[in-house]
Each structure stands twice: as structure tokens, then as C-alpha cells.
Amino acid sequence: MKTLAVVALAAAVTTLSAPASAQFAKPEDAIKYRQSALFVMGQHFGRLGAMANGRIPFDAKAAQENADIVAEMAKLPWAGFGAGTDKGAPTKALPEIWTQQAKFKEHSDKLEADTVKLAAAAKTGNLDNLKTAFGATANSCKACHDNYRAK
Ligand code: ASC
């Protein structure tokens, strides 16, 4: 019974944390997919940045909604960086993504973890918490871009 519960929990956790697996007919589709996911994430992250930086008024409910979307979107782009997707459509992705896969994954894992914290921070309804978590997440965006995205 205990074993069954553990297996059921593991299955539930896997379902909750892993995105639905994406499948691409051609490299161009994978490239468009990852760019689209990153673009949508950036749009919602930008709204949080505007609040964190005081460019728009803090709206706790909007912050929570945007942060939840960022955390969901942060799971998606990585499936679009599979083997053979270094070319096939215009891309700023650098070859090091495929020659340093473990390091690239450290970056994507860090971003996912940061966005989970960002969503938790937004749920507190406290602007200072949002600012702190926003800053940490922005640093993760930047670190990966500095290493793996062409200027
Ligand atoms: C954003 C966005 C990024 C990051 C990055 C953080 O809002 O679209 O790519 O923040 O600029 O340094």
C-alpha cells in the first residue's frame, strides 16, 4: 500500500512538472516553437518587470497571473533544442547549446526553479518579494543569453 502510494505520488509529480512532450516535423518547427515559447514568456515577464521597476502600478492579482504563466512557459522551450535543430530557420542559438548540453541544462533548470519561486513570490501579494524574485529570474535569463545566444 505504501509502495503504491509512493508510485502514485511519483506519477503525479511527473505529470505536474514535465510539460506535455512536443514533437516536431522538421527543425524549423522546433526553432519556431522554442522562439514562440520564449517570446510569450518574455511578454509576461515584461509585465512583472514593469511592476517591479515601478513603471506601472503594482497589481497583485495581475502579478500572480503573469508569474504563473511565466512559470508554465519556462518549462517549454527546452524541448525545441533537440539534436539537429541548430539550423533550419533564422536563430540566434549558439552551437555551444549542443556541445555543452549538460551546462545548458543547468541554465534551463535554474530558470525553471527561479520561475517557480517567482510564482510563489507573486502569490504573497508583496511587492518586495516580487522584486527580489524578479531580479533573480532576470539574472538567469541574462546568464543563459550571455552564454548561448548570439548578440
Ligand atoms: C526580459 C526579457 C529577457 C530578460 C533579460 C534579463 O524581460 O525579455 O530576455 O528580461 O533581459 O536580463
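Any Cβ shown, glycine's included, is placed from N, Cα and C.
TrEMBL lists 1-22 with the feature signal peptide. Positions annotated as heme c binding site by TrEMBL: Cys141, Cys144, His145.
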Local backbone state of Cys141 (heme c binding site), from DSSP in three classes: helix
Neighbour tally for Cys141 (heme c binding site), based on other Cβ positions within 10 Å of its Cβ: 19
CB contacts for Cys144 (heme c binding site) [other CB atoms within 10 A, all chains]: 18
Cys141, Cys144, His145 excluded, remaining Cβ within 8 Å of their centroid (heme c): His107, Leu111, Ser140, Lys142, Ala143, Asp146, Asn147, Tyr148, Arg149
